[in-house]
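Notes for the one structure printed next.
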Amino acid sequence: MKTNSRRRKLHFSKIYTFKCGRASILGNDDHSQIGGPGYSRVVYCNEPSSFESVIRDYAGNYVSTTKYSAATFLPKSLFEQFRRVANFYFLVVAVLSFTPLTPYYAATADIEMNNRKVKVHKENGVFDHTEWKNLRVGDIVKVEKDEFFPADLLLLSSSYEDAVCYVETMNLDGETNLKLKQALEVTSSLHEDSHFKDFKAFVKCEDPNANLYAFVGTMEYEEKQNPLSPQQLLLRDSKLRNTDYIYGAVIFTGHDTKVMQNATDPPSKRSKVERRMDKIIYFLFGLLVTMSIVGSVCFGFLTKEDLDDGHERWYLRPDESNIYFDPNRAFSASIYHFLTAVMLYSYLIPISLYVSIEIVKVLQSMFINQDIHMYYEETDKPAHARTSNLNEELGQVDTILSDKTGTLTCNSMEFVKCSVAGTAYGHDITDVERSMAKKNGSPLIEDSAVSPKKSSIKGFNFNDERIMNGSWVHEPHLDVIQKFFRLLAVCHTVIPEVDERTGKISYEAESPDEAAFVVAAKEIGFELFRRTQTSVSVHELDLVSGKKVESIMFERLAKSGREFEEITREHVNDYADAGLRTLILAYREITNDEYQVFNEQFSEAKNSVSADRDAMIDEATEKIEKELILLGATAVEDKLQQGVPECIDKLAQAGIKIWVLTGDKMETAINIGYASSLLRQGMKQLIINLETPDIIATEKGGDKDATARASKESVVRQIIEGKALLTASSTEAFALIIDGKSLTYALEDDTKRLLLDLAIGCASVICCRSSPKQKALVTRLVKFGTGKTTLAIGDGANDVGMLQEADIGIGISGVEGMQAVMSSDVAIAQFRFLERLLLVHGHWCYRRISSMICYFFYKNVAFGFTLFLYETYASFSAQLAYNDWFLSLYNVFFTSLPVIALGVFDQDVSARYCLKVCQTSHSVDRDVYVII
């Protein structure tokens, strides 16, 4: 990839608040690409019935999320049932049972959502209630506090003067933090119903798509073009919070809304035990047909010979038989006998097995849910088996693929250290530093005089007498420190909330990192207390003032702004070695004229609805995001969850391979790996990356194709060299380290097998800077490449693809919402509970189900063969060896209940012994694999 492409990932436009929401004064913007691929939607606000609106034939606002409809219920349900081989056989037998051939005798949620009410503008400034399903593109709606948005809306105004509103998006991405949305300034004055009497606006925007965090468009209002962004888009199924009301224009309806665009059919997962059971049933079905054929052939010969022997089987009354025992039609009689025998020997197929298994699995799931040892008291969350299909698979897991942040760690960031003006502040010793020192044989001894006490303030664990309690005003670089913490207090998306009774300020942040920064600034003396559409207010020493990628930040520094660069780089590397997340802070002062020029170009780029829009924005921001003055760097700690190292050790002893995929930088990932027992001392590292001089020089040349070819060749060469080292040394342990950029080429079809072979040969593999898509691709590679049972575990929306791709998906109910949990098969509150889930419940469930299935086949085969043996003595006349009651109750009452009890309660060993021995029920000699 080119350097310029990487730079697009981070812009100060996402940190600074530019005054770009005002209407552009340019009235002749080029929208020639409107109507092209991806940019064809035109909305006539408040005119949904106009001719122009009607001819576009947009989707209605009625949605359906049910798996079945009236038309698809029968074929889909039949397909689901007949995927189980035995059910097809049962259908055939059931049909035949109604014929004389039988040898024995007989004795809905979408509606509620679509019918919700919302206020819609009818005419003359009058709003009236209508059902969600009746909404049309262009309608103006009024949504009140704690109501859900009925469609994807363009925010026009709110009850606040600056037209902001607070939105809860838990139903979309699982996030519990409130999001701040802001309307355009040109419509912010529309506070009353009557204001919409003559309201007209013209919107041009992107086509429906699944990207929740992007929206491109413009709104023409009062003959001016106004750029639209995700800040003005309110998504269906999110809730209005802390705001009395908002007015919005319907942009996307029904299945065009982003939440429905993201809706996917959940994967249908089946356990390997169940699939193997189908193969056994295939075999038994073949055995049944064979027995029926043998019996019918023998019956045909005996019936034909009966004519010559003078009706030796006189008791069958062949002279009165129509077909069944008529010696003159022996062939036809054998055909009918075959069909009768198929039903007679049906006990070879365990008709009650599937029902019994479902009962057992449901009861096993209840035991998992009620296990007190997997209950997390701090958040009041027990384990929750969301499906009962995969209980036995928990005992067959071969590879675990895990997220890091929020899964192995707490995802509760604490501000612990910082580097300002080349001086390092903060005395805290991190868990990673303690772990590394312990592994090196020199445990750290904290000096009680300088060792900080644990702070009771969430997100803040910083202590340094040079900074705290206003002491920073005596530091040599007072002005730099002031600008550093002022930047932390101002440049973010945090929303301050003031308790009217106590006056205490709390913060709603979209990420725990931002929350830690704002809390740290507050504790140092820079308190954020109010945020509006155009300003951020901070208490700074009792005065009121208005107002991630390190390599990119250093590249943008001015020559005069590099005074502390070298020492700051050293501090950042030290922080990364300590397992901390780092962020570089810099600033630039610009004149009013510079800002006006930038704002004009930036507004023009934002108003463009074309394929070049992102490039135009990049060009505008590139001109102002330069010549920066370095202030320093922050370091926040994401501590490991309790019991993670011990849990990983136990899983490794059980022969389970652990792969952890993360987006963190390489240094941080490696050190967290050591702290969590994922990596071991003495491993030789095989590093695969594209930060070589040749690749960098090729990237600077600007030829994308040449860069891609050179990058792939480099990755393949490094993988081959790594395999050669593995072959040459069979006794040493190796750790493969690969970054996300290299992983892009390594996961291509012609190279992914090489990568898997190399990873299997290594004792640990670290894959850092991996994207959500790469997580899913790695999971798929391991799943199909090894053919073994895979388990994925994560806590965030970016882990959903990985969870759905794996054989078993485990969701962590952490601080990143419930999106991962809702996509999982089993939910737990802490990573350490995975030990008991797999080694105890997995072992028990696998053994119970396996024993139960074997016993079912045994008893049914034994019963079926007694019928066959009886037939050999009854000249294969299809006579019953048992009475009808015994046949009916054999599976249901006489034999099923004891086997069900075995499947629910049997324990070959206790839970304590399972954890002590640490062997899964299928465990073999295996190495431990680790991918971060």
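Cβ atoms are placed via backbone N, Cα and C, with glycine included.
Taken from TrEMBL, the feature active site, 4-aspartylphosphate intermediate covers D403. Taken from TrEMBL, the feature ATP binding site applies to D403, K404, T405, E514, R581, T662, G663, D664, R769, K775, N798, D799. If you look up TrEMBL, you'll see D403, T405, D795, D799 marked as Mg(2+) binding site. Under the heading domain 'P-type ATPase N-terminal', TrEMBL lists 43-107. If you look up TrEMBL, you'll see 821-919 marked as domain 'P-type ATPase C-terminal'. Residues or ranges marked as transmembrane segment in TrEMBL: 88-107, 280-302, 335-357, 856-873, 885-905.
Shown here: features listed in TrEMBL, placed on the structure.
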residue : record                                        : CB count, 10 Å
D403    : active site, 4-aspartylphosphate intermediate : 31
T405    : ATP binding site                              : 23
R581    : ATP binding site                              : 20
G663    : ATP binding site                              : 18
R769    : ATP binding site                              : 18
D795    : Mg(2+) binding site                           : 32
N798    : ATP binding site                              : 21
D799    : Mg(2+) binding site                           : 31
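Across the structure, D795 (Mg(2+) binding site) and D403 (active site, 4-aspartylphosphate intermediate) place their CA atoms 8 angstrom apart. Of the candidate ranges 280-302, 856-873, 885-905, 280-302 contributes the most Cβ pairs within a distance under 8 Å of the transmembrane segment (335-357). Long-range contacts of the transmembrane segment (280-302) within the same chain: residues 85-86, 89, 313, 330-331, 333-335, 337-338, 341-342, 345-346, 348-349, 857, 861, 864, 868, 871, 875-878, each at least 6 residues beyond the stretch ends and with a Cβ under 8 Å from a Cβ of the stretch. Across the residues annotated as binding ATP (D403, K404, T405, E514, R581, T662, G663, D664, R769, K775, N798, D799), the widest Cα-Cα separation comes to 25 Å. In this structure, the C-alpha atom of D403 (active site, 4-aspartylphosphate intermediate) lies 12 angstrom from that of R769 (ATP binding site). Recorded residues T405 (ATP binding site) and D799 (Mg(2+) binding site) have their alpha carbons 11 Å apart, per Cα-Cα distance. Across the domain 'P-type ATPase C-terminal' (821-919), the DSSP tally of helix, strand and coil residues reads 72 helix, 3 strand, 24 coil.
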